[in-house]
Amino acid sequence: MAAVLFALLALALLRAGGASAAAGTVTTSVQSGDSWVQLTCTLNTSAAGVTGHRWLKGKEVVKEDQLQGLHTEHNVTGDDRFGKYSCLFLPKDTGEATLTVDGPPRIKAVKKSEHANEGDSVTLLCKSESFPFVTAWVWYKVADSGDQVIQNGSQSRFFISHSEAQSELHIKDLDLTSDPGEYACNGTSLQGTDAAVVTLRVRSRLAALWPFLGIVAEVLVLVTVIFIYEKRRKPDEVLDDEDAGAAPLKSSGHHVNDDKGKNVRQRNAS
């Protein structure tokens, strides 16, 4: 008896789940032009009332409304229209569907120029903003004699790591002569290929010391100027002191002569 009741309960749950799934069925449509895409989702039936719609690109919400219709659209223009989208009918679990907009890969350098010191390590980074995802990454150094493909682990200094969305080139123990230049990252997907360029500049080990040496030189020049100025000023001060000391002696001599003259006149008068 218990087994029969369990079977009936399971059957009821399956029917309820099937009814719910049927109620949440969503049909999708993707229409595109040269630079635009129109995404459409239609909820066929719904046991519960729709309170709104939400559109996502990946995990980012790009549009949301509180309309109650069983139909929703999202229009996208520009180069960033490619990717994976989702439409959701609210409240949650009312209905949901996924739409994809395929396009050629668009490879971008996170930083178009990198600066590092000789002997240090540096990381060059490229990312892909496209769908389908990049399936193959290649790094090479741009040269007049021909592009040089960089293999992972080559010279024990070049290491490459990548995922579907980005690729990194790690260079260790930078060489001032051979490492500076332009590095290109190439990404290929089912829709095509694209590349971006990163310029690497390597500074000498002494480059960081130049500002400090400049400050030291300025201080030395200033000290030298002050020393010369003080040395030239001291003889003038000594001469001024000697002149000031001789003046009182000359004045006292005049007083002595005046006193002698008075005594002579007094004697003559007597």
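Backbone N, Cα and C atoms are what each Cβ position is placed from, and that goes for glycine too.
Annotated features in Swiss-Prot:
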- 22-207: topological domain 'Extracellular' (TOPO_DOM)
- 22-103: domain 'Ig-like C2-type' (DOMAIN)
- N44: N-linked glycosylation site (CARBOHYD)
- N75: N-linked glycosylation site (CARBOHYD)
- N152: N-linked glycosylation site (CARBOHYD)
- N186: N-linked glycosylation site (CARBOHYD)
- 229-270: topological domain 'Cytoplasmic' (TOPO_DOM)
- S252: phosphoserine (MOD_RES)
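Neighbour density around each Cβ, counted as other Cβ atoms within 10 Å, peaks among the glycosylation sites N44, N75, N152, N186 at N186. Note on proximity: among N75, N152, N186, the glycosylation sites of the record, the Cα nearest N44 (N-linked glycosylation site) is that of N75. For the pair N186 (N-linked glycosylation site) and N152 (N-linked glycosylation site), the Cα-Cα distance reads 14 Å.
Note: the CA-CA distance between N152 (N-linked glycosylation site) and N75 (N-linked glycosylation site) rounds to 42 Å. Summarised by DSSP class, the composition of the domain 'Ig-like C2-type' (22-103) is 5 helix, 49 strand, 28 coil. Per-residue pLDDT, averaged over the topological domain 'Extracellular' (22-207), rounds to 93.
In the three-state DSSP scheme, N186 (N-linked glycosylation site) is classed as strand.
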